[in-house]
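Asker: Dumping the structure here so I can ask a few things about it.
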Amino acid sequence: MIFQRTVQKMVKSTGVGLHSGNKVTLCIMPAPVNTGIVLKRTDLSPAVSIPAKADMVRETTMCTALVNDAGIRISTIEHLFAALAGLGIDNAIIEVDAPEIPIMDGSASPFVFLLQSAGIKEQAAAKKYLKIIKPVRVEDGDKWAELKPFKGFRVDFRIDFDHPEIARSQQHMVMDFSTSAFVKDISRARTFGFMRDIEYLRANNLALGGSMENAVVLDEYRVLNPDGLRYEDEFVKHKILDAFGDLYVAGHAIVGEFSAYKTGHALNNQLVRALLAQQDAWELVSFDKEADVPVSFMVPGALAHV
């Protein structure tokens, strides 16, 4: 049987909130089987827990935010969720003492490191996969996103930015998911933004924690970061990273192909909601043998060496 996973022990880290600019402490803890991913605001009294479900994503402007019925929010979850998805973590309690997850370096890599430091433990329950059996597609103008049947998890993603630096880079990527491919080729890709937008956001008390320490910043012509890019195609890779995180609020690893053109947090979430609403388009499956699993998650003991 292929088992569910959680972390072996609690792990904690501190970073900066992208929008507030304030210090944020994050704590990732083990959780029992079938818990899923639950986020908890410990700065509130009493503390408030929000399950990571598609219908709890109620804001997608510049990030993905979970918001409960009382309006309590936890923002910027997507990079952490990409790491959870990439390492195949099914169950975890994530405590945070602020209304946002720390931005860290703008990628998923610090969260991958945290999860590897905590260790990954298999649990005595079958891991469930969300298998796509009929295509589901959402559109917004010329932007679109689609999930369709595929034996594995494949991503086919295209961006289209009218900027000389991005135009010079590869704006289309196809990848077959595996933990090692995610960690090596995707997880280090940072969020990116334009100087003109950052100035506007700061004038409106947003992105106060944003800097070249946690984002690729571009002016009208070039990348301003002194060290340049981590990957030649870092822009499209970061959009794929975001999509991994956004899709994980479906609650399970997906078996299927995700194709997208110019999509972002809003359309990604619309796709997950449309999928879950169309109950004949998917089924939950589990596997008895490693050889039968179409999505390759590295065994826990090997993760530390990726």
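Think of each number as a place in line: the chain as shown, counted from 1.
Cβ atoms are placed via backbone N, Cα and C, with glycine included.
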Asker: Could you look at His79, His163 and say which one Swiss-Prot places alongside His238, Asp242 in the Zn(2+) site?
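Answerer: For Zn(2+), Swiss-Prot names His238, Asp242; of His79, His163, the listed one is His79.
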Asker: If you draw a 10 Å sphere around the Cβ of His238 (Zn(2+) binding site), how many other Cβ atoms fall inside it, taking every protein chain shown into account?
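Answerer: Taking every protein chain into account, the count is 26.
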Asker: Taking the recorded Zn(2+) site as His79, His238, Asp242, identify the other residues of that chain whose CB atom sits within 8 Å of the mean position of the site's CB atoms, giving them in sequence order.
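Answerer: The surrounding set, listed in chain order, is Glu78, Ala82, Gly106, Ser107, Ala108, Ala189, Arg190, Thr191, Lys239, Ile240, Leu241, Phe244, Gly245.
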Asker: Across all protein chains in the structure, which of the recorded positions His79, His265 has the highest Cβ count within 10 Å?
Answerer: His79
